[in-house]
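Structure record follows, encoded as structure tokens.
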């Protein structure tokens, strides 16, 4: 017994040592975050320019914008001091902050350029191109209505998306697992799937008594299709040997589905969830513009009707933040669930 | 953890098997007939693609044979059973499970996870992977992955362990080490072992009997008994003589 254990142990060391965790290397102190210094200076310059250069027209919130830019500059400056010369690896928080330097500079320069061609010299035609302080004004003055629109949009898109994703996932698993389900469902999905969900708009508003029900149905349909197809393809791609292993050990079909097919298909399922998210948001905006009298889509259309383009851009910004936030959330979830996978795409 | 229980007596009686390939029957096994006594280590040796692995799949119950019968302790087999475990050429570990969770697949599938917790840890310790229980398969070397696969098989306390070229893809040093480990393990555990290989030395080093199979469709060309006591050395003159004999049977006499 002893000698066996010894032999196994030594053999293990032989092929185990190399693949053990990477070597720890002491990292040298880094130079002061120069990118941060430059960014802070450019932000402070943008603040000064906004404040002291007179506006071409009577615009509100110019001083608030200057104040905000100055605040950003000060915060970056504080970060430069806080980061100091501490060593940091690329993936760490500090490492990521250091890498963001060029972007912080570019954003400030972008703000300066935008401010110059709109507020200061009115190079761009006025009603369609809006000064940054005008968008800021929307956030300070119309935040209640904007906030309510966000809430309404979320209350519509979240249940719809989740419903569609859940049904799509179950359909995909059933199609990949059962020949019978595959036989009957596959042609239907093939025919109906590629149709843009918005094409159902007239039918949906006719078939559902409430516009809320119709919109939920359309959003669910938009997320259903990619999730179903990619779950199905993920389950179909599971190697036969994965099933053989579990079968020889007495696994039931239910175990094979839950513990082999589904986990193996998860990377593909997440691609479907990601694609479904984009589709759901696009249907959301269309549905809100067409039938639902609330939400960000409606806000944008309403603002456009009054030619208040500042409000429209503000809503667009909020929508972008919302979509990007949802994708980030999804990718976080994936990173957590699929930590066993190597080489994940970062978001 | 290995109970030292008696291995199965395996009877393979007149087994024929054919695959269907583009509407044509492709015979892979032709009248294969042999008995493995309880606790015996039998090697099936033959050229690659001759149908050896198919025979293992039939014995495991993963596929029914076209003709003939397979009996385990006198009972015809009806399907898969955790007492008959295959270790495949590829480790086929689930990449989303840690090493320990992979080893626990059998008990988990049968709902005995709690009862078998100690047995799982013991199996990992036995193959030298106790320190890697929380590692994921992609963090393992080829040899370690195959050890994890062995632990997963042993957890089920098989009475018949089928090894489908389990060392085929390992580098030669790891291979030598694992051959000794397998041999030692089998001597202690007392299960019946059925090894499929195309490596003549490996068969002679590990097995009590070597069944030499022909090219497809596979028939048994010879049933050679290896009497050399263990631990065996590959340069043992009796093994060298047997090796020439086997190579002769396979039509490779000049290679000896």
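Heads up, the Cβ atoms here are built off N, Cα and C, so glycines get one too.
Per TrEMBL, the listed range annotated as transmembrane segment is A:32-52 (candidates: A:11-31, A:32-52). Cross-referencing A:124-149, A:306-331 with TrEMBL places the feature transmembrane segment at A:306-331. Between the transmembrane segment (A:103-123) and the transmembrane segment (A:188-208) there are fewer than 3 Cβ pairs closer than 8 Å, counting only pairs 6 or more residues apart in sequence, which means the two stretches are not in contact. Only sequence-distant pairs (6 or more apart) were considered; of these, fewer than three Cβ pairs between the transmembrane segment (A:154-176) and the transmembrane segment (A:32-52) are under 8 A, so the stretches are not in contact. Within its own chain, the transmembrane segment (A:32-52) is flanked in space by residues 62-63, 65-70, 72-74, 76-77, 79-80, 83-85, 97-98, 100-102, 104-105, 108-109, 111-112, 115-116, 119, 133, which lie at least six positions past its ends and keep a Cβ under 8 Å from the stretch.
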